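*Asks:* Supplied in structure tokens, the structure appears directly below.
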Amino acid sequence: SKLAALFEHPLYNIPIPEVTEKDKLFIVNPMEKFSLRSSGSDEWVSSSKAETLLPTGKTAYDTYPTWLKFHVGINRYELYPRRDSLLPTLLRDLATQRIISSVQKSGGTQLKLIMTFPNYGQALFKPMKQTRDQETPVDFFYFSDFERHNAEIAAFHLDRILDFRRIPPVSGRLVNVTKEIRDITTDKKLAKTFFISPAGNVCFYGECSYYCSTEHALCGKPDRLEGSMAALLPDKTLAKRRSWRSPWRRSYHKSKKAEWELNPNYCAQVRETPPYDRGHRLLNLIDMTILDFLMGNMDRHHYETFEKFGNDTFLLHLDNGRGFGTHSRDEPSILAPLQQCCSIKKSTYLRLQLLATQPYRLSDLLREALAADPLAPVLAEPHLRALDRRLGKVLAAVGHCLAR
């Protein structure tokens, strides 16, 4: 396994700083237990309703469902640890747990569903809109592109291979549109949009600002539909997040250009503007830029951080559905922050160099990681090969900076 060898490499074993109580997103009450509601049930209740005592030697934490352990483990430095024993279980839960509720997520330009499991865990479901080998047409603007379910899955694994670990876990899943959405939804607006197509397939389109109409309906075959299931982050009422507008945001206009596209010295003013004037914020943003360039994502207008950790924390790399749309061409403008600022974390640069070597080739690692997903193959081969080409371009950009 190249992946196992990668995670054993010294560059993937650089310790994070010591995590103190104030560096944890949540302080856990060690007495709060979760217990199965009844034998053979997969529903959980809090200790206030628990009927049974814990088996000898077990802590309250051991009774938590996996999604809650994931939330409890978030800290200032990482969304989940490198050697996370929870990860395989969490991914399996996302792919297999019984769905007891499906409702449409409000906001956004495209249809997304919030799905709930019996243990109160929740996932964000993005349905399949394109086949693996469809490329975004050359005449499409980035803001009119579809969101791709397989891009969400691949982005999570790529982010982990780069050792950022800033994307919540995502698994592919085949969903039964009839039994796991239509028949159980309490969302009246969503329910009204179901119909049977002329081909006899179960379809729905939901309500949203762009792609929610009968022309853009999502159809099962006849009722089986692929999608990505992303673990949800803690509710914002429990862990506030702050949304930041990216300084390298695109204009989202057919003809207007953004300031960074016109001013080659744009980075100088960003460096003087909080929060980019101190700490690792700018370097973290350049990490995100490299992730986006590798997958061809032009749609990074905002990013989020956990408010509790202030400026000294990682950026959450959420919403990656517009990645992996093209493999035959690269978008050099995504790398503008790296090229204009000529800054990169030393650890990131060393890992990128490692991923360009034969034993740890990036495309091989991502192919291996994605092979375990229920929807494998997640990416068409040309997308995997494009990663190696783009990695070469990132390293060349750093080379130009070093030469300057």
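The backbone N, Cα and C atoms fix where each Cβ goes, and this holds for glycine too.
Sharing the features that TrEMBL gives for it:
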ACT_SITE  Asp299  active site
BINDING   Gln110, Lys126, Glu147, Ala230, Ala231, Leu232, Leu233, Glu304, Asp319  ATP binding site
BINDING   Glu147, Asp319  Mn(2+) binding site
DOMAIN    194-403  domain 'FAM20 C-terminal'
*Asks:* List nothing but the one residue from Ala231, Leu233 whose Cβ has the fewest other Cβ atoms within 10 Å; the candidates are the binding-site residues.
*Replies:* Leu233
*Asks:* Listed ATP-binding residues Gln110, Lys126, Glu147, Ala230, Ala231, Leu232, Leu233, Glu304, Asp319 - what's their greatest C-alpha to C-alpha distance in Å?
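*Replies:* Maximum Cα-Cα distance: 20 Å.
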*Asks:* So if I measure Cβ to Cβ from Gln110 (ATP binding site) and keep only same-chain residues at least 6 apart in sequence, which ones fall under 8 Å?
*Replies:* Lys126, Lys129, Phe146, Glu147, Cys208, Tyr210, Tyr211, Cys212, Gly321
*Asks:* For Asp319 (ATP binding site), what residues in its own chain, 6 or more apart in sequence, show a Cβ-Cβ distance under 8 Å?
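*Replies:* The list for Asp319 (ATP binding site) reads Asp299, given in order along the sequence.
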*Asks:* Rank the recorded positions Glu147, Asp299 by the number of other Cβ atoms within 10 Å of each Cβ and report the first-ranked residue.
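*Replies:* It comes out as Glu147.
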*Asks:* Express the predicted model's confidence over the domain 'FAM20 C-terminal' (194-403) as a mean pLDDT, rounded to an integer.
*Replies:* 95
